[in-house]
Each structure stands twice: as C-alpha cells, then as structure tokens.
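Record features (Swiss-Prot):
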| type | residues | note |
| --- | --- | --- |
| BINDING | C363, C423, C426 | [4Fe-4S] cluster binding site |
| REGION | 434-465 | region 'Disordered' |
Amino acid sequence: MVGVTPEPRTLAEKVWASHVVRSADGEPDLLFIDLHLLHEVTSPQAFDGLRLAGRRVRRTDLTIATEDHNTPTGYADPSYQSRRGDLLTITDPTSRTQIETLRRNCAEFGVRLHPLGDENQGIVHVIGPQLGLTQPGMTIVCGDSHTATHGAFGALAFGIGTSEVEHVLATQTLPQARPRTMAVNVVGDLAPGVTAKDLVLALIAQVGTGGGRGHVVEYRGEAIRKLSMEGRMTIANMSIEWGAKAGLIAPDDTTFGYLRGRPNAPAGADWEAAVAYWRTLPTDAGATFDSEVTLDASQITPFVTWGTNPGQGASLDASVPNPEEFATEPERAAARRALEYMDLAVGTPLRELTVDVVFVGSCTNGRIEDLRAAADVLRGRRVAPGVRMLVVPGSAAVRENAEAEGLDKVFTEAGAEWRFAGCSMCLGMNPDTLRPGQRAASTSNRNFEGRQGRGGRTHLVSPPVAAATAVTGRLAAPADL
C-alpha cells in the first residue's frame, strides 16, 4: 500500500521471509534451501530413501558433498595424487563403507563430490566459504550440527537430521517452525591476544549450554564488526553449543572482501547487484528481538574449559571451581561429575594442568588465520617433551596455502605433526583419537565425555593458547612464554 512504512525486521527475519515457499496457519513454513552440503556420515540413509521411492535429487546444482569426518589425516606418501580415490588408508570397516557409499551415491545421483585427493576436499564448513558457495542471505543446511558456521556471512544456516536430508534432496525445501530471535550485543573491544574463540567460550560460560535454545541468534557490536571472517566463523560455528538453532552476523565490507573473486561468487555486473542486495540485509533500525544478551568483550581474557560441556569454562587465570559454589543443584551435580571424569581437584590453578596432546584444527579453528596464529607462537620454539601436537588444516586448500607461507616448516621444526585435511581429532570417528586418560588442549568445539576418544579428557582453547600449551606442556597463554 502506498505510503505505508514497512515494519522494521531483523536480519534473520528478512532471510526467512525471502525463502518461504508456503505458509499456513498451524503449520510450519516451507522454506526453499539455497545450498545443501553433504558428507559421508549422515547422508547414506537419505540416498537409500530416494532410491526406494524412485526419486532423484531435485537440484544437483545446489548440492555439494565432501569426505571429511572419517578420513585419515596421516599418510606415508605426502603426494596429493596418492590420495585420489585411495581407500586403502581407511582401515576401519564402518568408515570405509561410509566413504565408499558416498562415492557411489554421488555418482548415481549426479551430485558434485570433493573426495580425498581433490584440491577442494576438506571439512564441509571450511570448503563452503572458501569456494564462495556460502553467501549472504542464503538458506544453508547440512546433516551436521555445526552448519551454523555459515551464518558468519549473514546466511540462515542450521544442521538437520537424516530424514530432513532426504526431504531436501528430493524437494529442495524444508518445513520449519519459525524460531524466536535473540540479539547478542557484544560491547567493548577485545584486548590484544584475546581471540574470537575466547569470546564465544566466555559467552557460553555466561549464558549456559541452553541459553539460546529455540532461537536464531544475531551477534552484534563493534567487537564483532572488527573480527575477520575467520573469527566470525568461529563465533557462528559454536552457536549450537549454547543451544541456538543458528547464529548470524550481518554482512558488511569485510564479508564482501572475503567473497570477492572466489570461484562460485558472483562476478562483474552480477557482483555489483549481489552486493547491493546484501547491503539491504542487516537488521533495520527499530527492529526488535524476542530476547537479548549483553557480553563485555573488554573483560574477556584467554579462556579454557575445565569440564565436559562448552559452558563449563573459565579464564585461564582461574582455578578449578568448587561444585558446591554453583547456584543450583543440577549445576552442582554436573560440575561434580565433570571433575570426576576430568580427574581434577578443586582449587588447582588451570595453568598447572599438564596435557598429553594438543590439537589445532576442526571447523572451528582449522582455517589459515588459525594456523598462522598457532605458528606465530611456535616459531623458534619446541613442543614440550612427551607432548604430541597435531596440526590439521581444515581443507586441502588451507594446507596448500599454509605450505606456501612456510607454516608447515614452523610446525614440523617445532616437533608438531603436519597432517592432511579432515575433521581429525575433533571427534572419535577416525584414527586421530585420544587414548583413555589422555588430556588434550583442543581448538575444536566440543569437550563431551569421550568426544575425542573413549576416556579422553578435552580442554577447549584458542589456537594461540593451544600452541603455548604445546610448548610448556601445561595450559598456558602466549604471554606466559
């Protein structure tokens, strides 16, 4: 109607509204999906469902697959060509079957696949952005809980189950109930040496692992705006760790600079048109959220988890907490169990905790910026005796980039293992695992019991803290060296 001012909307509301195919009272909205990412673990049954129903993949052009979760990252022969199609290195029969099945399914249904040995193979949430597939204003799904990573670009991205994977393969749509919205207002600036990983761990410790449940979150504030795209992806990646369905950051010149010139990004006049549209996406002045959270970035110091969920964390300056000092009995009980599993004594300074393994990698912190940060700390130093350090790039392209910069030499000369791309020690689904009782400092996203191997004990940290820990053999920040 002429003269009517549109209702102010949030970023998430704009993206949602532009993708509604069908909406009816009392029913979920039917959303069009712009990009569907696949890997070997959650897709086999979905393809079986298509096969049984005699259906095809509706939009193969919007469907991309890669091999990442089960893939080994250590090879005797360092040549990429030796890895092309080579399943002999996958010794676990279940893992090998899943990889073989993904290859057959992609060949049968015409889905683009980046397998082991491919120059674009890697962790699904690393290759999407680096290939320019992830773009502002998109809807993106994957059968993986850390799909929220792509929200760093202003996309509505979330993980789905295997039955939903089949639905998207068959229809390129997905029924979804409209979620509530939440703003995370990050005030102040991060101090030098404090990273995006520290910020998001501090946030989860503040709000708890259920603080975002049922919400699509938007991260806002000057501290967020000052982050690189790699830092923003770290923040968005861990949205699920505090219960949020998705986590978005409004696109800006930093976003556009990252995307410009990437293989699948718009070019020429299409680029100008895309940027003009993307600039309309940020939340309107006057738009309201269902709830808001405030975090003071200036008060954050290097952070580490002490327990068995990402919310059980504290400043590296702190000591192991006393469970009896928590506010509620469920929190006290969870802390008691965590300390028992982690074999920690109340009051022990966190800096006194020794580690057996250090892992740098994952879809949280396996990008080139993360590897540079770790290398800056390790340069000219050695990994402590008795400590094993694995550095695993998030993609083959990240690995190639790092080697072009000489980072691989920094790592290997320090005594770390320089590996091939994959999910690696983030989860115990491939050969890179902890042994029972081993303690690790890890740049991944989850520290659940047994997450990195049965009986393994995980402390989540940033790449600089991981590198400093490798040098000292105990939890440490670079300033401690």
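Placement of Cβ uses the backbone N, Cα and C atoms for every residue, glycine included.
C423 ([4Fe-4S] cluster binding site) falls outside any helix or strand according to DSSP and counts as coil. Around C426 ([4Fe-4S] cluster binding site), taking its Cβ as the centre, 29 other Cβ atoms fall within 10 Å, counting all chains. Annotation note: C363 ([4Fe-4S] cluster binding site) sits in a helical segment as assigned by DSSP. Per DSSP, the region 'Disordered' (434-465) is made up of 3 helix, 8 strand, 21 coil.
Listed in chain order, the extra residues whose Cβ falls within 8 Å of the Cβ center of the [4Fe-4S] cluster site residues C363, C423, C426 are D68, H69, I123, H125, H146, G361, S362, T364, G366, G394, G422, S424, L427, S444, N445.
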